[in-house]
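Undergrad: So that we are looking at the same thing, I have put the structure below in structure tokens.
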Amino acid sequence: MIAFGCRLMTMLGLMLIGLAPASAQGLHIAPRLVAESAEPAAGGATTLALVMKPAPTWHGYWKNPGDSGIETLIDWKLPDGVTAGELAYPVPHTLIVAGLMNYVYEGEYAQLIQLKLPAGLAPGTTLPIRGTAKWLACTKEICVPEKADIAIDLKVGDGRADAALAGDFARWRAAMPKPLGSEGRFAVKGETFRLAVPIPAKLDVADVYFFPLTDGAIDYAAPQAVSRNGDNLIVEVKAGGGAAGLNEVDGVLRIGRDNGLALSAKPGDVPAAGAPVTASSEGAGIGAGGVRTALLALGGAILGGLLLNVMPCVFPILSLKALSLARAGGDGRGARHEALAYAAGAVATCLALGGVLLALRAGGEAAGWAFQLQDPRVILLLLLLTAAIALNLAGLFELPAVAGGQALAAKGGTHGAFWTGALAAFIATPCTGPFMGAALGAALVLPAAAALAVFAGLGLGLALPFLALGFVPALRRRLPRPGPWMDRLRRILAIPMFLTALGLAWLLGQQAGVDGMTLGLSAALLTGFGLWWVGRRQATGRAAAWWPLAPAAAAALALMVAVPREPAVAAASQASEGALGAQPFSEEKLAALQAEGRPVFVYFTADWCLSCKVNEKVAIDRAEVAKAFADANVAVLVGDWTKGDAAIGRFLNQQGRSGVPLYLFYRPGRPVETLPQVLTPGTLTALTA
Amino acid sequence: MIGKSIAFAAAIAIAAPAFATATATVGQPAPDFIAADANGKPVKLSGFRGKTVVLEWNNPGCPFVQKHYDSGNMQKTQAAAKAQGVVWLTINSGAPGKQGYMTGAEAQAFEKKEKAEATAYLLDPKGIVGKLYDAKTTPHMYVIDPAGTLVYAGAIDDKPTADQADITTARNHVLAALADVKAGKPVAVATSKPYGCSVKYAG
């Protein structure tokens, strides 16, 4: 009986282990435990990531959940001597539901845990890492407390990181707030909590929001006013109930999308508010200020849409369509219907594009729209589109919408008008994308409804001239009569379009180097061949004229994948290279320089680190230092941690630091010397004495 | 019945300006309010002057509320309060259509099913009382002393989980506050961070 019981227990145990992944399917947030190194070294450490994937419309919570919610808790069952550190959370998002603030994650997010191993474990020993994780999963309507067993088996080894996960861990680390290093100050004045954070005046910040870890400091749902006064970033917000009695306020300051700084503030003087930083969309949703911002953005969008009409890619479509409307002659009713349909088409396309972008945003896509435009692959796509449009204008092939083939856009009447509007809006986007990135970025930080309104405004603006033509017969009568001159105009309009393509090629070259640009131009050439063939087939009136484009498109796609993603390194190092001729830091480079027997000065900096910038200005980038270093043949390496580079983060950790600044001096054959965090030129010149 | 409703509406209209004055702050007089109970009868907070009053924000659909009702912890706390002559007002600020919203009849059924010991179950579908007290979660608990001063605001206990097993080891902040009030002492833990689901306000 006892034996049977034991066997039953074992079976149950096995079943439970076997069921663990299956039970995860009933959860609204699916957890997954992964380790950076599957074979951590004895006496060393590795990082675990608890990767949480909320189902659509569900969200999980930050350590301080805001007005309601619960942090993630893990009950560990670890082998003897193995210890797990606290959960590190990525920078959260704000979510206001019925006036209550929630600090949440709506897309996949990873919480990192430092796992320490005792010394003296025999290599090959299996380490079963087990735990029970508890968290709260919510939609805007309901909340469900969830719980799951998490497990991973590690083996004592050499501590090498798992190469397959390196990219993931780099991404997860980049989403973590970076320790600011210097201290903030806060003051409670009346009902206002005021926070000053030292941030270099030159650093661009956007979408600033202070997420407090200390409860009671601020009213979470209140809007935050952000301004800059010299090297101070000032956040003002309604104080929380317990603010007056606090001796320290910890939190995370978001300074850009998914980019935050962890800081601690002590009571002290907070300078007066300065120049306001672009309204953050957070706080009480669309408050009074938010409405104004949204209206302003909407007005701007309508104006922008209006401007799109004279863009080289839209103008021909519009003018040809307008002329066809003029042909309709006296039928005012038909003209009005067509104009309305055209407007609907333009607005619908803009809304659809906006919806896609918002969906990407909701999906937790780490990169914002502006960032997308820094992705060479996106630039390449735009290059191909503009080149294709230019070739079309030049007469290489005909688009059904413009030429009057049998496709949707050419169906006379309202249907045709709708699709022409849709086409105009679609074609307008690639032409303007690179130039409107900033404006669209602004639209995307607004709440979803307001952002969609901005996109709709863009479409409305685009349709305005056509609407005017449809509703004002006098305007229609003034249109020139259609004729062969229209074709000539179209050919001429090809020229600015080709120039746009040229500009994009240049951008691509900037971002992906000469190889990337060549790949891009090859793709454009292939597309050109494909389109030329299409044109030939169209000219001979064959059916299915478009199929030759398929192989060209496939080849272009393949090239797009091949374009190097990493932007040319030159740009990055140029920015941080000072008088010393510093080279970008890497551990290999450091080892190589040491092997040459040269003394090496290494410094780590970030654009958001004020003390780093001050040190660079007053001590590092100085002629006397440059001379002393040159005389002593000191090599200089600089690590730029602005974006939270994972390799640099690891190196900083190895030096026992969590952030920047860090100044190191390596003398040949001697242990590394860590320099003080406040430098003078004398400290540096003395190194070479 | 109609006359009663009109009188009630009038009372609310009269009382409404008082709502705008200040939100609840621990150590300050608890703002007065009138709300309908599950039978449609108006209940006025200041009518209980001289007695200690507990306010409990409730949403029967919320797992954190269920933690305390399913385990019997809330009913036990209510019974202990009742034994001391304390008035217990359970308040639902959920808006119609949101999770946990209840009509009067549903609220009566809920109280009966849970064997709750509250003095009254108040319906606040517009969230007027909830906003007045800045109630953020369910449960969110408040204790008002016989002089009408708000002496406690926060969580029911110090274990912010949805796990019933945590109740036995938790410190029940409400019972502790009631004991302090009864002993004439200042409440040791006068505020805490409430935990639970967000109150499902309209909008």
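Placed from the backbone N, Cα and C atoms, the Cβ positions cover glycine too.
Annotations in TrEMBL come from automatic prediction, not curation.
Residues or ranges marked as signal peptide by TrEMBL: A:1-24. If you look up TrEMBL, you'll see A:294-318, A:339-358, A:378-397, A:418-444, A:450-472, A:492-510, A:516-534, A:546-563 marked as transmembrane segment. According to TrEMBL, the feature domain 'Thioredoxin' maps to A:562-689.
A description of the local structural setting of each listed feature is requested, covering burial, neighbours and distances.
TA: Within the chain, the transmembrane segment (A:516-534) has long-range Cβ neighbours (under 8 A, six or more residues past its boundaries) at 376, 379-380, 383-384, 387-388, 391-392, 396-397, 501, 505, 508-509, 545-546, 548-553, 555-556, 559-560, 562-564.
Broken down by DSSP into helix, strand and coil, the domain 'Thioredoxin' (A:562-689) contains 54 helix, 21 strand, 53 coil.
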Undergrad: Against which stretches of its own chain does the transmembrane segment (A:546-563) lie, if we need a Cβ under 8 Å and a gap of at least six residues from its ends?
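TA: Distant Cβ neighbours of the transmembrane segment (A:546-563) are 376-377, 380-381, 384, 508, 512, 516, 519-520, 522-523, 526-527, 529-531, 533-534, 537.
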Undergrad: I'd like to know the mean pLDDT over the domain 'Thioredoxin' (A:562-689).
TA: 80
